[in-house]
Amino acid sequence: MLEVAISDIQAREILDSRGYPTLYVKVITDAGTFGEACVPSGASTGIKEALELRDHDTSRYQGKGVLQALNNVKEVLLPVVQGVNIFDQILIDSIMVEADGTPNKEKLGANAILGISLAAAKAAAATLGQPFYRYVGGCFSHVLPCPMMNLINGGMHANNGLQFQEFMIRPIGATSIKEAVRMGADVFHTLKKLLNDKNLATGVGDEGGFAPQLKSNSEALDLLVLAIEKSGFQPGKEISLALDCAASSFYDTKTKTYEGKSYQEQVEILADLCDRYPIDSIEDGLAEEDFDGWDLLTAELGDAIQIVGDDLFVTNPELIAEGISKGRANAVLIKPNQIGTLTETSEAIQLAHNQGYTTILSHRSGETEDTTIADLAVAFNTGQIKTGSLSRSERIAKYNRLMAIEEELGPVGLFKDSNPFSGE
C-alpha cells in the first residue's frame, strides 16, 4: 500500500444554511495534498442518531456553538490519527471511534469525527489525483442517481401548518441527471407561478422548497400534480411524487397516536393518498419506535411503493440489520452524519443492498456548500438522492456537482432510478 501520512488537521467553526455553527475540517498529508469537508446538521433528528456535539453556551449562537467539537478535532483526534496512512480509511475511522469510546459518539461528537473522516478520504483522493466518487467507489461507480426534489416544505422545515415535512417530485422519465434537473426546475418555477396566482406565499423553507400556508397535505399534493401537468409532464409516468412524513414529529409517545389517530388510521391515510396520487415513495410514514405501525405499513404498501426508513434506521448498520430481520420498510435513507464515519456509512449501504433494500443518499436541512453527498451517491451507486429543491445555493451545489460528474463519466455514466416501483 502506498504510504502517505496524515501530517496535520485544520478546523474552524463556520455557519450552515440556517445560520447555525458547524465544522469545517481540512486534513493535510505529508505529500502536501489535502481534503476538506463541512459537516451538515439536521432539524428533525432520530433519537438514536450519533450525537452532534454542541456547546450549550447560551452566550454564543443561542447555545449551538461547536467549539467543544472543534477542540476535540485539534486536541484529541489529531494526535491519534497523525502519522496514519491516508489510504487506510478503515483504520483512520476505527481509531477515532475507539478514541471516543461511546456507542453514539457523544464524547467527542459525531460532527468532529465525521469532518475528519470525510476530509481524510478526500485527501486520499487528491493524493491519487482521482475524483472523490472514483476513489471511494472504484471503477464500477457509474450510476447517476434520480433526485427527490423537495418542492413544498412543511413540518419542522417550515412554519406553515403542513403536517408532513417534505412533498417531493421525482423526475423518473429523465434519461440523464442534466435532464432531471431541468425537469425539476421547470416544475419548480411553474409551481411558483401557481402559488402567486393563488396569492400564496412563495418564501422557501430550510430545504429550498416553497412553504405556503395550506390547509392539508392533499392540497400540497394537488398543487404538485397541477404544476407537473402545466409544465408539460405526465404525473406518474414522467414525474412521480414522494413524501417524507417525518411522523415522529407529530407522534404522541404517551397516547401512541398521530394527532389523535391510531397507527392503523395513519396507515389508512397513507394508503388513501397513494390511491389518489402518483406516489411511489414514502419516508418515515410512522414514528421511529412505532414498530407495529411500521409492520402494518410495510405489509399494506411494501409491494406497491418504496417504504423508506430514516429515523427508523439512522444509517446505523445494527438498526438496519434489525429492521431487515423484521421485514420493516424496503429502503434506507443514508445520512453520513447520523452515524459519523465514512466506513460505517459504507457498511450501512452495503448491508442494505445485499438484502435487497434500496438506498437514498440524503442531505440535512442544515447544509453547506459541501457537495460530498453527490459524490457518495455515485460512489455507492445508490440510484437515488435527496438534496432539496431547485433553489438555495447549498442545494443547487449538489445538483451542479452531479451534472459535472455526469459530464466526466461520459458514455460510461448511467442515469438510473433504483426505486423498483417507479412509474407503476
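Glycine is treated like the rest: Cβ placed from N, Cα and C.
Lifted from Swiss-Prot, the feature list:
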| type | residues | note |
| --- | --- | --- |
| BINDING | GLN165, LYS335, ARG364, SER365, LYS386 | (2R)-2-phosphoglycerate binding site |
| ACT_SITE | GLU207 | active site, proton donor |
| BINDING | ASP244, GLU283, ASP310 | Mg(2+) binding site |
| ACT_SITE | LYS335 | active site, proton acceptor |
How big is the Cα-to-Cα gap, in Å, between ARG364 ((2R)-2-phosphoglycerate binding site) and the residue listed as 'active site, proton donor'?
8
Nearest to ASP244 (Mg(2+) binding site) by Cα, among GLN165, GLU207, LYS335, SER365, LYS386 (recorded positions)?
GLN165
Do any of GLU207, GLU283, ASP310 (recorded positions) have a CA within 10 A of LYS335 ((2R)-2-phosphoglycerate binding site), and if so which?
ASP310
Between the two most separated Cα atoms in GLN165, LYS335, ARG364, SER365, LYS386, the residues recorded as binding (2R)-2-phosphoglycerate, what distance in Å do you get?
17
C-alpha spacing of LYS386 ((2R)-2-phosphoglycerate binding site) relative to GLU283 (Mg(2+) binding site), in angstrom:
11
Can you list the residues of the same chain, besides ASP244, GLU283, ASP310, whose Cβ falls within 8 Å of the Mg(2+) site's Cβ centroid?
GLN165, GLU166, LEU243, CYS245, ALA246, ILE282, ASP284, VAL308, GLY309, ASP311, LEU333, LYS386
To the nearest whole angstrom, what is the C-alpha distance linking SER365 ((2R)-2-phosphoglycerate binding site) and ASP310 (Mg(2+) binding site)?
14
I'm trying to understand the geometry here, so how far is the Cα atom of GLN165 ((2R)-2-phosphoglycerate binding site) from the Cα atom of ASP310 (Mg(2+) binding site), in Å to the nearest whole number?
13
At the level of the C-alpha atoms, what whole-angstrom distance separates ASP310 (Mg(2+) binding site) and LYS386 ((2R)-2-phosphoglycerate binding site)?
12
Where's the emptiest Cβ shell within 10 Å among the binding-site residues GLN165, SER365?
SER365
Using a 10 Å cut-off, grab the number of neighbouring Cβ atoms around the Cβ of GLU207 (active site, proton donor), all chains included.
31
Count the Cβ atoms, other than its own, that fall within 10 Å of the Cβ of LYS386 ((2R)-2-phosphoglycerate binding site), considering every protein chain shown.
28
